[in-house]
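Undergrad: The following block contains the structure, expressed as C-alpha cells.
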C-alpha cells in the first residue's frame, strides 16, 4: 500500500511542478505609453485638477480619467542615476508641459 502511494506521488509531483512554472518579469509594463515621474496622480474630477485645467484652458476627456501632476519623463531605466522619489506612472494621453499628463496609471518599479 505504501509503495503505491509513493509511486503515485513520484508520478504526480513532477507534473505539478511543471504546471506551476510561470516566467517572471521584473520590468515595468508600459509598452503603449511613456514612463513619467509625477508628484501625484489624481482623477480628472478632482477639484484641484479642475482649477489647474481651467486656468490653463485645457479640456480633458472623461472625468474618471487619471492625470499626473508635475511630471517629468523617465527615459532610460537604471542609467545615469535616474530616480523617481514620487509616483512612477505610465501615461498614454497628452502631456501639457509636464504640469498635467493625461491617462496615467501608477506602476510599481524600483527606480
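Note: Cβ is positioned from N, Cα and C throughout, glycine not excepted.
Below, the features straight out of Swiss-Prot:
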| type | residues | note |
| --- | --- | --- |
| SIGNAL | 1-21 | signal peptide |
| DISULFID | 30-90 | disulfide bond |
| DISULFID | 37-84 | disulfide bond |
| DISULFID | 38-71 | disulfide bond |
| DISULFID | 91-104 | disulfide bond |
Undergrad: Compared by Cα position, which of the disulfide-bonded residues 30, 71, 91 is the closest one to residue 84 (disulfide bond)?
TA: 71
Undergrad: Among the disulfide-bonded residues listed here (37, 38, 71, 104), which has the Cα closest to the Cα of residue 90 (disulfide bond)?
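TA: For residue 90 (disulfide bond), the closest Cα among 37, 38, 71, 104 is found at 104.
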Undergrad: CA-CA, which of the disulfide-bonded residues 37, 38, 71, 91, 104 lies nearest residue 30 (disulfide bond)?
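TA: With Cα distances computed to residue 30 (disulfide bond), the winner among 37, 38, 71, 91, 104 is 91.
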Undergrad: Return the residue, from the listed disulfide-bonded residues 71, 90, 91, with the maximum count of other C-beta atoms within 10 angstroms of its C-beta.
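TA: The residue with the densest Cβ neighbourhood is 71.
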Undergrad: When DSSP states are folded down to helix, strand and coil, where does residue 84 (disulfide bond) land?
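TA: Its secondary structure by DSSP: coil.
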Undergrad: Nearest to residue 37 (disulfide bond) by Cα, among 71, 91, 104 (disulfide-bonded residues)?
TA: 71
Undergrad: With the cut-off set at 10 Å between Cβ atoms, which of these disulfide-bonded residues ends up with the most neighbours? Options: 30, 37, 38, 84.
TA: 38
Undergrad: If I restrict to non-local contacts, at least six residues apart, and a C-beta distance under 8 angstroms, what lies near residue 104 (disulfide bond) in its own chain?
TA: 36, 38, 41, 66, 67, 68, 71, 89, 90, 91, 92, 93
